Amino acid sequence: MWLLGPLCLLLSSAAESQLLPGNNFTNECNIPGNFMCSNGRCIPGAWQCDGLPDCFDKSDEKECPKAKSKCGPTFFPCASGIHCIIGRFRCNGFEDCPDGSDEENCTANPLLCSTARYHCKNGLCIDKSFICDGQNNCQDNSDEESCESSQEPGSGQVFVTSENQLVYYPSITYAIIGSSVIFVLVVALLALVLHHQRKRNNLMTLPVHRLQHPVLLSRLVVLDHPHHCNVTYNVNNGIQYVASQAEQNASEVGSPPSYSEALLDQRPAWYDLPPPPYSSDTESLNQADLPPYRSRSGSANSASSQAASSLLSVEDTSHSPGQPGPQEGTAEPRDSEPSQGTEEV
């Protein structure tokens, strides 16, 4: 690609050497189809009256027949009859037509040089936005003479160089503002969704954490006044109870005393009395005072005799309640001694 530049220069120089008069190929201008400029340069005949000056003296565009304009009502036809420009570009200080016909006879039209435009000293009229923009729009530098130093080129101030750019500035501004508002709304909505999702995840993982770290019942304290305590929940340590200062003082005052303190403070009245006198007569008991010894078989016989006597007494009462039975008298002396022995034992 970098070889194309020098190659084009060589070809153009060779073509000019062939077309220029005075060289070995000066007779080529006599060939039909070529056009000789007023300065003696030869150009192809197709370049004549094409709306673009190819000769240095613009002789190829002189005495050309003007074609009928085909431009619309809002366009300005150039003098060549080939090109059309936007109507507001006429007499704006720039040659928009290739032949510069859009900047000719500008002072003759009062509408184009109205008070809304800037009148140059040479008679041209330009838009007021072109004043002090750092460019010679009036072609006599009259639009840059009365400018302040702060508005000189290179001061960082942005200037508008054409009227069509003013039309696009509001739309660009509105587009930037709308995009910024949409971006802020999207970011806020995304942040709200993320916050809601994180909160939901924390609520879902809380029961699992409680299963992994069960709460010990021994660490829980039940109080009569729960509003005097502070209960904090920690993810790592579980439930923690922090009592208030007043409750701690009350618990210290109302706590039961120790075993040794209770014995010293609450001794009975007889604790300090002297012991009773020692008597040796009480320990020696006579064998006659003791009840007779009864074996286990004897006690069983006495129990059976008592049961039999109770049955006989029931039968006697059923026959004659007022008279004792015949066997009641015989059974009573025999059972009196065993019953007495069992009761005393």
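Each Cβ is built from the backbone N, Cα and C atoms, and glycine gets one as well.
Looking up Asn24, Asn249 in Swiss-Prot shows the N-linked glycosylation site annotation sitting on Asn24.
Of all ranges given (56-59, 256-259, 328-331), Swiss-Prot attaches the label motif 'Involved in ITCH interaction' to 256-259. Given the ranges 31-34, 95-98, 275-278, the record in Swiss-Prot names 275-278 as motif 'Involved in ITCH interaction'. Of the cysteines Cys42, Cys49, Cys84, Cys91, only one is given by Swiss-Prot as the disulfide partner of Cys64: Cys49. Recorded disulfide link (Swiss-Prot): Cys147 to Cys132, out of the candidates Cys132, Cys138. Spacing of Cys138 (disulfide bond) relative to Cys71 (disulfide bond) is 27 Å (Cα to Cα, whole number). DSSP assigns Cys138 (disulfide bond) to coil in the three-state reduction, placing it in neither a helix nor a strand. On the 0 to 100 pLDDT scale, the topological domain 'Cytoplasmic' (195-345) averages 57 in this prediction. Take the disulfide-bonded residues Cys42, Cys64, Cys97, Cys132: by the count of other Cβ atoms within 10 Å of each Cβ, the lowest one is Cys64. Within 10 Å of Cys78 (disulfide bond), as judged by C-alpha distances, the disulfide-bonded residues found are Cys84; the full candidate list was Cys64, Cys84, Cys91, Cys132. Of all the disulfide-bonded residues listed (Cys49, Cys125), Cys49 has the fewest other CB atoms within 10 A of its CB. Using a 10 Å Cβ-Cβ cutoff, Cys55 (disulfide bond) registers 20 neighbours.
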